[in-house]
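Engineer: Dumping what Swiss-Prot says about this protein:
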type     : residues : note
TRANSMEM : 7-27     : transmembrane segment
TRANSMEM : 58-78    : transmembrane segment
TRANSMEM : 94-114   : transmembrane segment
TRANSMEM : 124-144  : transmembrane segment
TRANSMEM : 153-173  : transmembrane segment
TRANSMEM : 178-198  : transmembrane segment
TRANSMEM : 199-219  : transmembrane segment
TRANSMEM : 255-275  : transmembrane segment
TRANSMEM : 291-311  : transmembrane segment
TRANSMEM : 327-347  : transmembrane segment
TRANSMEM : 361-381  : transmembrane segment
């Protein structure tokens with residue numbers, strides 16, 4: 001029993017759990033269990049009363065709801081590190097911002113260069129700009145204490161800025177319409193959170209209440225609802241009025257739910273991609289090449305190059321006691337686009353099979369390549 005407890009509480013176990021549920025989802029989707037798997041996650045669940053109801057399929061409740069809690073955790077960790085930890089220095093926090101910019105601009109340019117002559121294909125230019133923070137973190141968890149905290153923090157920070165960039169891209173280029181009323185309600189909720197923070201109120205139930213209203217308004221606004229988690233994290237106080245740690249305690253309570261329940265469930269719901277109708281030859285189509293080269297090469301080169309230039313111009317600095325060799329390994333992991341890229345793919349091509357699933361296959365290939373190469377590289381490099 002002690003051995004099982006030790007294994008479950010180890011740093012690598014959450015990563016193993018995530019990988020296990022990823023392959024379980026692929027197995028279910030590509031076997032006789034496919035119909036049961038699809039029906040289960042597409043089953044509608046309705047929450048509400050009288051004239052106010054939210055009805056969504058289970059996979060959307062997970063992707064829009066539970067993942068907002070994951071983003072809340074990441075936001076809390078980032079806030080703590082910026083105010084009290086390793087990112088207090090402006091040059092330290094600017095590094096992931098430059099990395100995120102490079103990781104979005106370079107893949108997009110690669111995709112555009114390959115697909116510029118095909119109007120419909122060009123709708124997918126943003127597909128290789130995304131990083132799946134959940135899976136990238138999962139690979140880091142597998143490496144355990146081999147990766148310094150400062151590098152883990154860099155990846156988390158970069159992925160947040162990257163996902164914020166993705167949310168802006170979705171809002172500007174892939175949202176049919178925005179609801180003005182819902183956005184006004186969002187602003188009122190943000191003002192309420194600001195007041196709670198200003199008066200140093202540490203009743204978690206009040207933050208939950210305002211947070212739920214903010215999440216619903218965000219959902220109805222047309223902006224991706226997971227952004228609500230990041231916004232809430234900005235306003236949770238660091239300490240109580242008696243100067244006792246508060247934010248850290250909230251993070252400690254939420255973290256087990258995220259790593260042992262939310263992330264594995266997210267992997268199981270999203271990794272189920274039917275690869276039976278995909279043809280390996282379609283990997284060499286322009287759309288596929290744009291996605292694969294954009295995610296696998298564009299991401300790592302863009303992140304590293306932008307960071308390197310920023311460091312040389314003294315606009316940012318490399319984390320303490322970290323060499324460029326190890327740093328490059330983290331840059332490789334940013335090419336894991338997986339569920340975030342699949343999400344943008346669905347918005348760009350409206351789930352069309354015009355490319356015979358070559359786009360989805362390319363996302364899988366590039367993401368697995370980035371994960372495997374990044375893992376091996378970080379395992380070898382000292």
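These residue numbers are counts, starting from 1, taken along the chain as shown.
Note that Cβ sites are derived from N, Cα and C of the backbone, with glycine treated the same way.
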Engineer: Using Cβ atoms and a strict cutoff of less than 8 Å, what residues sit near the transmembrane segment (94-114) while being 6 or more residues removed from its termini?
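Structural biologist: For the transmembrane segment (94-114), the list is 122, 124-129, 131, 154, 157-158, 160-162, 165-166, 169, 286, 289-291, 293-295, 297-299, 301-307, 309-311, 315-319, 331, 334.
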Engineer: Do we see three or more Cβ pairs under 8 Å linking the transmembrane segment (58-78) and the transmembrane segment (178-198), pairs being at least 6 apart in sequence?
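Structural biologist: With fewer than 3 qualifying Cβ pairs, these stretches do not touch.
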Engineer: How about the transmembrane segment (124-144) with the transmembrane segment (199-219) - do they touch, taking at least 3 C-beta pairs under 8 Å (6 or more apart in sequence) as contact?
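Structural biologist: No; fewer than 3 Cβ pairs under 8 Å.
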Engineer: Which range wins on Cβ pairs under 8 Å with the transmembrane segment (291-311): 178-198, 199-219, 255-275, 361-381?
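Structural biologist: Comparing 178-198, 199-219, 255-275, 361-381 against the transmembrane segment (291-311), the winner is 361-381.
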Engineer: Restricting to the same chain and to residues at least six past its boundaries, which positions have a Cβ under 8 Å from a Cβ of the transmembrane segment (178-198)?
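Structural biologist: That would be 171, 206-207, 210-211, 213-214, 217-218, 220-223, 231-232, 234-237.
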